[in-house]
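Chemist: Below you'll find the structure I mean.
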Amino acid sequence: MAPVGDKKAKKGILERLNSGEVVIGDGGFVFALEKRGYVKAGPWTPEAAVEHPEAVRQLHREFLRAGSNVMQTFTFYASEDKLENRGNYVAEKISGQKVNEAACDIARQVADEGDALVAGGVSQTPSYLSCKSETEVKKVFRQQLEVFMKKNVDFLIAEYFEHVEEAVWAVEALKASGKPVAATMCIGPEGDLHGVTPGQCAVRLVKAGASIVGVNCHFDPTISLQTVKLMKEGLQAAGLKAHLMSQPLAYHTPDCGKQGFIDLPEFPFGLEPRVATR
């Protein structure tokens, strides 16, 4: 981490990766803030960015001081359709725009305390699971993208996708911004929920415009690396290149099925015995 107050021009994400740097991200916001009483289990939505900005800011700062090079906006499940899902009505009470704007402002404030970049993130949507059209789903992503562009995030992440088709739509929507795009799927070695292999998922994401591809959230570090290896092999076989990314779950999941930890009987409140300690 750069010294606090260092104001040198920051290198972009691709400049860092192309030079051989290993870039460390942050993560785990939803679970960490749920345990601290700021996120409601079930909806897992990020209205705390508006209602409790000091809590979100503090967690960003903890990641920065631990060595993170990227502050990811706390916009997981911050699409308009998700914010009004499951009776939570955040979109009605606050508005998706305010949640996304607040998350961007907090991430930038903390990133500028060091040499960190800000990544604006979108994730899977209820619209896709409700079988809405590609046009309708992309519209949801573009609503968040408008805020990310207004707040001038450094790059974009499409994360936590169980279906590669939706992930491709997200990448295509984000790529129109002209900013670098990373894409991660919450899959294991068996692939996405339609049976598309990790290698093919990676190929489709890169062809859609992602410069960085990988996995996140549903499986532990060991299984996540196995899956990333399959992605790498798929890209090599297709003659494609991309940087690789892994944001594993911080719980051991050797006995999980295709959907990872969410299928465990311990999910979500009894996972502590599975914690992957330092």
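Cβ atoms here come from the backbone N, Cα and C positions, even for glycine.
According to Swiss-Prot, the protein carries these features:
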| type | residues | note |
| --- | --- | --- |
| DOMAIN | 11-278 | domain 'Hcy-binding' |
| MOD_RES | LYS40 | N6-succinyllysine |
| MOD_RES | LYS93 | N6-succinyllysine |
| MOD_RES | LYS98 | N6-succinyllysine |
| BINDING | CYS217 | Zn(2+) binding site |
| MOD_RES | LYS232 | N6-succinyllysine |
| MOD_RES | LYS241 | N6-succinyllysine |
Chemist: Neighbour count, 10 Å Cβ-Cβ cut-off, for LYS40 (N6-succinyllysine): what number do you get?
Modeler: 15
Chemist: Between LYS232 (N6-succinyllysine) and LYS93 (N6-succinyllysine), how far is it from one CA atom to the other, in Å?
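Modeler: LYS232 (N6-succinyllysine) to LYS93 (N6-succinyllysine), Cα-Cα distance: 43 Å.
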Chemist: Compute the C-alpha separation of CYS217 (Zn(2+) binding site) from LYS98 (N6-succinyllysine), stating it in Å without decimals.
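Modeler: Cα of CYS217 (Zn(2+) binding site) to Cα of LYS98 (N6-succinyllysine) measures 26 Å after rounding.
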Chemist: Would you please pick out, from the modified residues LYS93, LYS98, LYS241, the one with the fewest other Cβ atoms within 10 Å of its Cβ?
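Modeler: Selected from the modified residues LYS93, LYS98, LYS241 on minimum Cβ neighbours within 10 Å: LYS241.
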Chemist: Considering Cα atoms only, can you say which of LYS93, LYS98, LYS241 is the nearest neighbour of LYS40 (N6-succinyllysine) among these modified residues?
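Modeler: Comparing Cα positions, the candidate nearest LYS40 (N6-succinyllysine) turns out to be LYS93.
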Chemist: Name the secondary structure element type, per DSSP in three states, that contains LYS93 (N6-succinyllysine).
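Modeler: In three-state terms, LYS93 (N6-succinyllysine) counts as helix.
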Chemist: Taking the Cβ of CYS217 (Zn(2+) binding site) as centre, how many other Cβ atoms lie within 10 Å?
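Modeler: A 10 Å sphere around the Cβ of CYS217 (Zn(2+) binding site) contains 24 other Cβ atoms.
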Chemist: To the nearest whole angstrom, state the Cα distance for the pair LYS98 (N6-succinyllysine) and LYS241 (N6-succinyllysine).
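Modeler: The Cα atom of LYS98 (N6-succinyllysine) is 37 Å away from the Cα atom of LYS241 (N6-succinyllysine).
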Chemist: C-alpha of LYS93 (N6-succinyllysine) to C-alpha of LYS241 (N6-succinyllysine): distance in Å?
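Modeler: LYS93 (N6-succinyllysine) to LYS241 (N6-succinyllysine), Cα-Cα distance: 44 Å.
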